[in-house]
Amino acid sequence: MERGFFAWFSVAVFFALQYVLRVIPNTLSGEIMERFGVGAIAFGQFSALYYAGYTIAHIPLGVLIDKYGPKKVVPACMALTFLGATPMLFDSWKLVQIGRVLTGIGSVAAAVSIFKVSKMYFAGTKVARMVSIAVVIGLLGAMYGGMPMLSLVEDFGWSRVFLTFIVGGCALAALAYFLFDGAGATGSVGVYEQVRSVISNKRLVIINLLGGCMMGPLGGFADGWATPVLSEVCGVSYRASTTLPSAVFVGGCIGSLTIGYMLEKSCNGWNIKICCGLLTIAAFAAMLTGNCSNGVSAFILLLTIGICSAYQIVTTFKSIEYVGSNSVAMAAAVSNMVMMFFAYFFHTVISLVINAYWDGEVVSGQAVYGSGALVKAMLVIPIGVLIGTVGTFIMKRYSEARGD
């Protein structure tokens, strides 16, 4: 196999491994709180610090990867990501928090560079396929990386597992450095000029804002409120409602591969995104009206939502088309950052609506929000998807009129 494939694969593996570090608060919550003697508030801050570093690093790393190329930047970010976990071996909670920020900063390179690296080493329509495969590898890390980590800690001990993980990550960084060639650097392009060319690109900004409007199914529903909706609105058993949301991520894997293949075969990206929006609206309409009272129907609806959530690949590729080859990483960074912002927006709005209508009822330690409150709160998601879909249709007509 060619060297470029292994360079791409090193980034794909990094994409999966950084997800393992991202979900550590969920996987090892009890162990972390006991080991460092912290309470729920401090632990919550620890979880959030990852996203603080992750958010602020998008544009700077996008600029650096475009300007100096992946060879000089991505391996350094890989090393930073894993070295950020080093304080977990010691007893200083302050250092653990600092390390969490560093891990968040380094992790950005995985999502940002995969588009750049795929475009560097693969020709034409094959780029979409390789990006989609990398996304699937990353999602597998998110879905299945947590439990093996917990089992390893229980079997081999905290220090041995984390030390092995850190050393292995640094070894991956060193390997990636030798696998990458010096291609992909713009060099002479000024930082200000590059940032301005991306930020001031109206079409790029609009398509990402519209894509952000469609982010609610992943950033708001699947990662926060799917379980109470399934149990209280759809009437699915509580046990099933805790496991069924993983169908969204399974759908995300299927959708990434399917949409990547469709883009490779030169299918119209606008039509793909519009169809994803319409199917998502239909799935939420069925769910919020209670038409998913058994596990099979709920699974089908959640799988559909997950498949359609892969529209983000189309959004990012369109963004890259608008800026050209000199700003691939920068365009991907802006696209990912906008998605993160809208995920925060949907979480906030849903929480505010729930808080306004919830009477505070708790049964057997579980909050009971009421189907009415949940439906009202979840309506923001299909409304957002509708706005994004209609806006995408308008952009499609505008693009066709321009002859793009």
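Including glycine, each Cβ sits where the backbone N, Cα and C put it.
Residues 22, 25, 29, 32, 73, 77, 93, 96-97, 100-109, 112, 195, 329-330, 333-334, 336-337, 340 of the same chain, all 6+ positions outside the transmembrane segment (38-61), place their C-beta atoms under 8 angstroms from a C-beta of that stretch. What TrEMBL records for 38-61 (among others) is transmembrane segment.
For 96-115 (among others), the entry in TrEMBL reads transmembrane segment.
Annotation source TrEMBL lists transmembrane segment at 127-146 (among others). Tertiary neighbourhood of the transmembrane segment (127-146): same-chain residues 8, 11-13, 15-20, 22-24, 26-27, 110-111, 114-115, 118-119, 121, 246, 249-250, 252-253, 256-257, 259-261, 263-264, 310, 313, 317, selected by CB-CB distance under 8 Å and a gap of 6+ residues from either end.
Under the heading transmembrane segment, TrEMBL lists 158-180 (among others). Residues 3, 6-7, 10-11, 13-14, 17, 20, 31, 35, 69-71, 74-76, 78-79, 81-83, 85-86, 88-89, 149, 152 of the same chain, all 6+ positions outside the transmembrane segment (158-180), place their C-beta atoms under 8 angstroms from a C-beta of that stretch.
Packing against the transmembrane segment (204-222) from elsewhere in the chain are residues 198, 229, 245, 248-249, 252, 273, 276-277, 280, 284, 302, 305-306, 308-309, 311-312, 315, 318-319, 322-323, 331, 334-335, 338-347, 349-350, 378, 380-382, 384-385, 387-389, 391-392, 395: each is 6 or more residues past its ends and has a CB under 8 Å from a CB in it. Look at TrEMBL and you will find 204-222 (among others) tagged as transmembrane segment.
Taken from TrEMBL, the feature transmembrane segment covers 242-263 (among others).
According to TrEMBL, the transmembrane segment annotation covers 270-290 (among others).
Annotated transmembrane segment per TrEMBL: 296-317 (among others), in sequence order.
The annotation transmembrane segment is assigned in TrEMBL to 329-354 (among others).
Proximity of distant same-chain residues to the transmembrane segment (374-395), defined by a Cβ-Cβ separation under 8 Å and at least 6 residues beyond the stretch ends, is recorded for 203, 206-207, 209-217, 220-221, 225, 228-229, 232-233, 270, 273-274, 277-278, 280-281, 284-285, 288, 342, 346, 349-350, 353-354, 357. Annotated transmembrane segment per TrEMBL: 374-395 (among others), in sequence order.
Taking residue pairs at least 6 apart in sequence, the transmembrane segment (96-115) and the transmembrane segment (329-354) share three or more C-beta contacts under 8 angstroms.
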